[in-house]
Structures are given as C-alpha cells and as structure tokens.
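Below is one structure, written out as structure tokens; comments come after it.
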Amino acid sequence: MTELPVEHGLLFAAALFCIGLVGVLIRRNLIFILMSLELMLNATAFVFVLGGALHGNADGQVMFLMILTLAAAEIAVALALVVHLYRRYRSLDADRLEAMKG
Amino acid sequence: MIGAAELRALLPLMLVALTAIGTLLLAGFRRDARLAALGYQGGLLLTLLTLPWALPEQPLEVTPLLRIDGFFGYFAALFVLVAMAVGLMMQRQVRSKTSGERVEESYVLLAICLLGALVLAGAQHFAALFVGLELISVASFALVAYPCGGRPSTDIRQRNSLEAGLKYLVLSSVASGFLLFGIGCLYLDSGSLAFAPLPPSTSLALPGLALLLVGVAFKLALVPFHFWSPDIYQGAPTPVAALVATLSKGALFAVMLRYLWFGALQELETLVPAVALLASLSMLGGNLLALRQRDIKRLLAYSSIAHLGYLLLVLLAIGHAGVAIEAGAFYVLAYSLTTLGAFALIGCVCEAGDEPDYRLEAFAGLIWRAPLLGASLMLILLSLAGIPLTVGFIGKFYIVAAGVDAGLWWLLAVLVAGSAIGLYYYLRIILIMLAPQSEPSGIGGGRWLVYGLTLLLVLLGVYPLPVLQWLPVL
Amino acid sequence: MHATEETLWSLALYGLAVLSLVALMLGLSYALGQQRRSRATDEPFESGIVSVGSGRLRLSVAYFVVAILFVIFDLEVVFLYAWAAAFDAVGLAGFVEALIFILVLLAALAYLWREGALDWGPRQRSLERTERER
C-alpha cells in the first residue's frame, strides 16, 4: 500500500468542487444544477475523509455521514420544488425564475 | 458521559425538539391550525420558562459539541422569543386567509429552525455548527416555498415564493459548500473540529479561513454576496422573511462570535483587511442600494444587509475591545426586535386586501388612518436608523464604543456615513406616511403584536438595564 | 519507489486481463454465433427487437414520493451502521441514543402514513385532492 500525498487529494477535491461550482453557474436545467450542488457537497465530504485518514481520527468520517444526510435532505426539498416548478411552467429551465427584479 | 447535570443543561434543546415532533404528530392526526399553533407556542413557552432553571451555574461542556453557558442562555432566550413572535405572525396570516391552505406543518418547520438556532448558540465544535446551520437552512427552504404547497393557482404570491424558495436553496447550498470546504481545510490542517486556536505554521489555515468567510458572507448576505437576499425577502411569506432576517442571521452571527472568541483570533489578523472590506461594502452598499427601492420588503432586505455590516465591526473588535461580545449580543437583540416589528407591521398594513401591496405608497396617510400603527412605524424606522430613545440607538452606541476601544477609526467613519444615508430613506417612508390620505384602505389584523414589539423597543431604548445585566461577557 | 512500481505493474496487468477477457467474449460470440440481418438488427436497443413506444415515460408523482422516502430511510441505515460498528464501545448510552433516533423517525413515518404518502395507486389522498381542485 502506498501513501498518496495529501496535496493530491486536496487538489482532487478542489477540482471536483470547481466543476460543481461551474455547473451551478452555467447550467440552465434545474436538475443539472442540483447534480452540480451534490458534486460540490461530495467534494467537501472528500476533504473530511482525507483529513480523517491523515490524522487517524473518526471525526472526518462522522462529518462525511452528516454531509451525506444533508445532501439527501436538501435534495428531497429541492425535488419537491422542482415538481412544483414543472407543474407550473412545464419546463425545468432555471431562467424561468426571473419574475422578481430590482 | 451524559449524566443528570448534562441532561438538565440540554433541556431547552430537548423541549424544542419535542415541540417539533409533537406538532408534527398533531398535524398528522388532527387537522386544526389553532391546535397546532397552541402546541407550538405552549412548547416554546415551556422552554422559555424552564431556561433559567436549566442553565448551569458554571459553563458546562455537554459532549465536545456543545457548551451551555451564559452566552447560550442569552441567545437561547432571544431566539425562543423571536420564534414565538414569528409564530404569532404566521397565525395571524392564516386567520386572514381562507384559501384552505394547510398551515400546521409550518409550525413544525419553525420549531426545527429554532432547534438549529439553539444548537448554533451552544456550538463549540464545527460538527455542531454544521448541524445547526443546516437544520435552519433546510427548514427555511421549505418555509420560503411554503405557499406552493396549496392548490396550484395563478396567485402571484405562489409564483414568487416558488422562485424565492429555489433561489434560496441553490445559493444557500453553494454557501454551505464553501463553508464546509473551509472547515475541511481547517480540519485537514489541525486534525480537530473543535473551536480552538490552530497550530502555528500551517499552510492551509489561511485558505480554509478565507473559504469559511466566503460561506458565512453568503449566508449573512454581505456585499458582494448579497444579491439573493432581496428576492428571498420579496418572495417569501412575510413571517418567513422575518425569520430569515432575524433568526438565521442572528444564530450564524452568534456562532461566529463564539468561534472567534474561542479560537481563531490570531488567525483572523491576516484576514482583517478582507473582513473590513466586507463590512464597509455592506454598510455603504446596503444603504445605497436601499435608496432606489420601491418595494418595502426589498428595502428592508438592503437595510438588513447594512445592519449586518455594522455587526461585522464587532467581529473585528473582538480581540481588542472587552466590550465587543456584549456589543454584538445587544445589537443582535436590537436588530431582531426592530426587524420583527417592521415585518409584523408590513403584514398588518400591506396584506390587508386580497392582493398584497408592498409598494412604499401602501403606507400613504397611515398616520391619519391608524394613528397608533403610524406612530409604531415611525418608532420602528427611527430604531432602524439608530435615533436616541429607541433600542436601535443603544445597539449602535455599543458598536461604536467597541469600535472606539479597538481603534477602528476608518470603519467608524464608514458606519457614520452609512447611517446618514440610511436616515434619508427611513425619513422618506415617514414622509410618505405623513402625506394626506390618498385612498382609504383597510388595516389587517395582528396589530397587537406590532404594538407589543414597539413598546418593547422603546422601553429597552429608554431603560436597557434589565437586558444589559444578562449580556454575556468574556 | 519500489513499492509504487509494483502496484502500477499489477494495475497494468489487471487492465490487460480485463481487455483480453472482453476481447475473448466478443470474439467467441462473433465466431460461434449465427450471422443474420433483419430490420432492427442495427438499432441500439436490445439489437434485434423493435422497440415499442417512447422511452420518455411520464412517471407518476407517487413514484417520486416513494423515491424520496427511499433516499431518506436509506440514510437512516447509514447511522445505524455506524452504531453497529461501535456497538460494544458505546454500550447502553448508545442504545438509548439509537432508540431515540428511531423513535423520531417513527414519528415522521406515522405522519407520512396519515398524510397518505404511503398509499400506492389511485387511492393517494393528497394527490387526489390537488388533482380535483385543479
């Protein structure tokens, strides 16, 4: 078993996080925006697992479980809202949400 | 190990959790809005009454996650009171509407929000920070979008709240992402999630703290991360907007106060320019952008951005001025009280008709139509502006005292400039209100809540001593 | 780095084995199977069977409710696994905590049941109501 340097893991997580962030910013379909959000959360969860492995304590893994739970709870609420959005506009385009300005 | 003393200290949290579960079961088995409201308010009242008994004499660490002390007690009492007021606003809104919308679950979500806020008030560990913050966030997504739960209609309120809910969800989750990545970096660095000073000579502390700051700035809606907040305030039901403005921001501020107090003070030194920039941008930007608002809820959103900017000054003063923690704690109280009053008044005046009217013109001639409400509006606006004899003045006075102690002259100048701009648009609303009445329009229910909050606001502005002795000190 | 090289070699060997296995399977079926062409042979779906209807089914929202229930109760198990892994270490306190956790979930389940989220099919109360009101 070889030890990977921490920097590699951190770079991987940062790359994943950035991919998610860019996805949130440029995607127009709400489902893809939600997927990108999940990607960002998973990137942060990876950092915690990495930290747990590095320091040899369980805190990181506990945080990982918490983040998974948050992701599920968030997606449950988000999908309910997406269903409402679809019923109203017959579309999943996030640009439809632009009634309020000022 | 959890013993009797720890269980006693946890009583407020357990009672609020039980309130949430009890209200949920009530909602499932008896569809009765009045009963749900009664259960909710009863549970919260019990929490408030048992709070002095539950607080230990000495600060008590309950598990590594929570620390139950005077700081927790002060903020817990404040948050329970805020949640009760929001519950009252919700009840009034329900009674005035006959759409057959189901409202019982909103009390469950409110109780969950409050539970999150209490966890944040006692947090001394990043895991508790995360759990508390996300309890508030996920419950408030559902609350912001709550009107969609009824039958689908062309009602503009429903459309706006759906939009607000989805925007809030996406942006708040992005903020959580930044916050968590920052915490992850700090954890990778130190190997511990407790609020404690970081070990010296580490490379990841600065990026971690910076990401944490970005996440917090997003959640507190500080300029330049503020763009979501006016839409949320406008689209959310008025009581929920009040909740987002007071409870979630106050709780996050409380936990940041504790984090800086316990740990990251010397690390903050490197971030002082960034925090100072955020503070001054928020103070100026919030007030300047509020100038061109025609919608009262959007105006309050920008005004709350400015208020959070004032509060950031406390975070900068925390290492230098002994009065900083007290100043922050009191300002959160002053801001929450005044903002709640403002939103209760909006619910009373703007939502009286079938279609809500949030234009500033809705207040035209209010002082002639309803003198007491007009006077309340004037006092609330003066408190937001920080004029003497209101609680807003005492709060701002405290912040200035902390700033002077810490020698933050440059930021104090920005604060004065921002307050001056703020005074202009608050006075503009008062002028609209004093104008001769244009058209007669009704006044909704719920005015007693407005009167009560205004009375409290003046009482604490004239004689703040009873609260001052409860303020947490270092 | 001797260890690294060794790991990389075994990885390469593994990749090679996978590729040759796939090649073997494809090659054998090509050599031994019968060759026949018909109208739908080149279509991607189950090559040889003509597909019927559109693949974009409109699933009922009831399906969505069940999917969300699955996600939530799936994550409940994650916490119970963590408890199981530390069962001996946490002792009675852990048992009580897990019990509270399950009771809270049970309350949520009771609420969902009363709301009609668990009714499958035409008798779905909450949805029925929204459809009728539309």
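Cβ atoms here come from the backbone N, Cα and C positions, even for glycine.
Annotation source TrEMBL lists transmembrane segment at B:36-55, B:71-90, B:106-123, B:129-148, B:168-189, B:209-228, B:240-259, B:271-290, B:329-350, B:371-395, B:407-427, B:448-471 (among others). For B:123-421, the entry in TrEMBL reads domain 'NADH:quinone oxidoreductase/Mrp antiporter transmembrane'.
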Maximum Cβ pairs under 8 Å to the transmembrane segment (B:71-90) among B:209-228, B:240-259, B:329-350, B:407-427 is reached by B:240-259
Honestly, do the transmembrane segment (B:329-350) and the transmembrane segment (B:448-471) touch, with at least three Cβ pairs under 8 Å and pairs 6 or more apart in sequence?
-> yes
Is the transmembrane segment (B:271-290) in contact with the transmembrane segment (B:407-427), using three or more Cβ pairs under 8 angstroms as the rule and ignoring pairs under 6 apart in sequence?
-> yes
Among B:36-55, B:168-189, B:209-228, B:271-290, B:448-471, the most Cβ pairs under 8 Å with the transmembrane segment (B:240-259) come from B:209-228
Positions whose Cβ lies under 8 angstroms from the transmembrane segment (B:106-123), at least six residues beyond its ends | 12-13, 16-17, 19-20, 23-24, 27, 36-37, 39-40, 43-44, 62, 65-68, 71-72, 75-76, 79-80, 83, 86-87, 90, 129, 131-137, 139-140, 142-143, 146, 195, 243, 247-248, 250-252, 254-255, 258
